């Protein structure tokens with residue numbers, strides 16, 4: 001079975017005191033896992049607006065503790081309780097996030113209706129923080145003003161695909177199909193051994209999504225995200241404000257595109273735009289000389305890869 | 001000079017996981033003081049939408065530490081810094097609020113561009129928490145699931161009003177006008193003493209606003225808010241759900257109206273509606289048998305008294 005990555009951008013603007021643009025949050029669906037990535041103020045409203053089923057979110061990943069990436073988290077945690085959720089929820093984020101959430105729950109005399117787990121991150125090296133039968137999630141250490149990680153979401157290699165015509169021709173019982181998809185050979189009633197490759201096709205190439213926000217231009221990430229299906233890379237500034245990248249720990253659209261090109265990813269999505277800019281097309285214009293397949297993230301936009 | 005109370009309801013719905021209604025926050029303008037009362041998630045966006053000048057807010061009052069009353073506070077505090085505010089800001093709220101805000105600032109490696117002060121409240125008795133030349137703000141201890149205070153905002157008695165015709169007739173020099181407005185008598189050049197009451201009218205009756213959310217029906221507040229110009233009293237439920245008042249620590253519209261009647265206030269504003277109800281007119285219907293001058297709070301609504 002071939003699967004797709006589905007990405008919904010709930011918000012993708014930098015902290016924006018004078019604007020109605022949403023701060024950072026997005027939802028990734030990968031092999032039936034629905035993952036919430038960052039959680040700026042208003043995320044619970046954006047989830048509703050985009051008709052995301054709250055109950056399906058089991059994991060929330062927080063890149064760093066700047067307000068525009070996590071001030072909506074307590075609202076989401078609390079609302080899940082009001083909805084009488086019972087499924088466990090795990091929060092992944094920098095050390096300190098657990099203390100902060102537990103303090104708020106204590107002060108509100110609140111508790112969650114569901115088991116709430118934490119996986120605090122402190123490593124400066126890439127680290128696997130979630131692994132299940134379908135996916136692996138690894139941190140991508142980034143370069144920002146405070147401790148920040150991106151996240152690399154990878155599908156695991158799927159089952160082999162059944163060559164149904166070949167199976168029918170050899171009159172193989174359906175009961176063996178699962179074994180075959182898992183790579184097993186088959187011995188027919190007459191004793192002939194049929195090799196798995198005669199009965200199957202290669203599985204789909206696993207897909208992957210690299211989320212890199214917020215970060216300055218940082219070539220150290222290139223090897224880790226090599227060949228990713230899609231890269232979301234922040235592009236806070238256009239070239240005209242490139243001098244602001246260093247003091248703020250952010251990137252330009254051109255820098256994001258250079259990282260995408262070096263990593264040989266298939267798609268680049270830009271986001272985390274400073275709200276000083278009116279026309280997002282300028283971001284495309286400055287990125288394409290370095291990398292062709294570039295997309296503009298925007299609030300409420302969906303991508304399928 | 002006669003002054004008015006201006007109230008802008010930024011949000012007045014109970015915690016609402018399935019809705020676009022705003023959680024509690026409101027702005028009171030009283031004698032040129034712009035006060036933010038409660039600060040649910042999304043308050044900074046609601047402030048913009050209602051064209052409230054951020055810089056004029058010097059005081060924020062938090063009634064209690066349930067999320068729908070304060071999850072927008074960190075966003076406001078942070079945005080004020082992004083706007084490079086320099087004027088001091090004071091947060092009034094239950095004990096714990098200072099620790100929570102300072103922890104978040106520490107974790108975000110953030111600081112405010114302006115002096116941030118705290119006035120933590122622990123008293124179970126009414127307590128003056130702010131007093132300046134124009135107004136006094138006193139807590140109103142309420143009855144809710146956790147420690148909660150309403151707030152009573154009172155104008156101070158203004159200066160006496162100059163009877164300009166009387167002053168001109170007696171040829172009193174302008175230089176004495178301020179003294180007269182402050183209540184002083186005047187000695188004319190011929191030695192005659194003119195009593196203040198011959199030169200002035202009584203000042204306007206001071207106005208007052210009582211904010212009571214969240215609370216169960218609680219007669220103890222009646223004496224404190226006696227005769228208030230306006231009372232905002234929560235009305236989470238209609239009579240059909242009156243049985244929920246006790247376990248949740250909330251009131252019905254009828255109960256809010258009974259408090260208003262007992263306190264002899266001039267206006268009652270209802271709010272903090274549970275989002276289960278479609279038609280707010282039902283709240284009016286259930287309140288008016290007890291108190292006539294009842295208004296429906298709603299997101300974005302303005303009141304002038």
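Heads up, the Cβ atoms here are built off N, Cα and C, so glycines get one too.
Here's what TrEMBL has on this protein:
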| type | residues | note |
| --- | --- | --- |
| ACT_SITE | B:68 | active site, proton acceptor |
| BINDING | B:64, B:66, B:144, B:214 | Zn(2+) 1 binding site |
| BINDING | B:68, B:69, B:214, B:272 | Zn(2+) 2 binding site |
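Shown on the structure are the features that TrEMBL records.
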residue	record	Cβ within 10 Å
B:64	Zn(2+) 1 binding site	27
B:66	Zn(2+) 1 binding site	26
B:68	active site, proton acceptor	26
B:69	Zn(2+) 2 binding site	27
B:144	Zn(2+) 1 binding site	21
B:214	Zn(2+) 1 binding site	26
B:272	Zn(2+) 2 binding site	28
Rounding to whole Å, the Cα atoms of residue B:66 (Zn(2+) 1 binding site) and residue B:272 (Zn(2+) 2 binding site) are apart by 13
CA pair residue B:144 (Zn(2+) 1 binding site) / residue B:69 (Zn(2+) 2 binding site), Å rounded to integer, equals 13
Residues sitting within 8 A of the centre of the B:68, B:69, B:214, B:272 CB atoms (Zn(2+) 2 site), not counting those, run B:14, B:15, B:23, B:24, B:38, B:40, B:63, B:64, B:66, B:213, B:234
Same-chain shell around Zn(2+) 1 excluding B:64, B:66, B:144, B:214, C-beta within 8 angstroms of the CB centroid, reads B:63, B:65, B:69, B:142, B:145, B:146, B:148, B:213, B:215, B:249
Cα of residue B:272 (Zn(2+) 2 binding site) to Cα of residue B:214 (Zn(2+) 1 binding site), in Å and rounded, measures 8
Out of the binding-site residues B:66, B:69, B:144, B:214, B:272, ones whose Cβ falls under 8 Å of a chain A Cβ are B:66
Reading the DSSP string in three states, the entry for residue B:68 (active site, proton acceptor) is helix
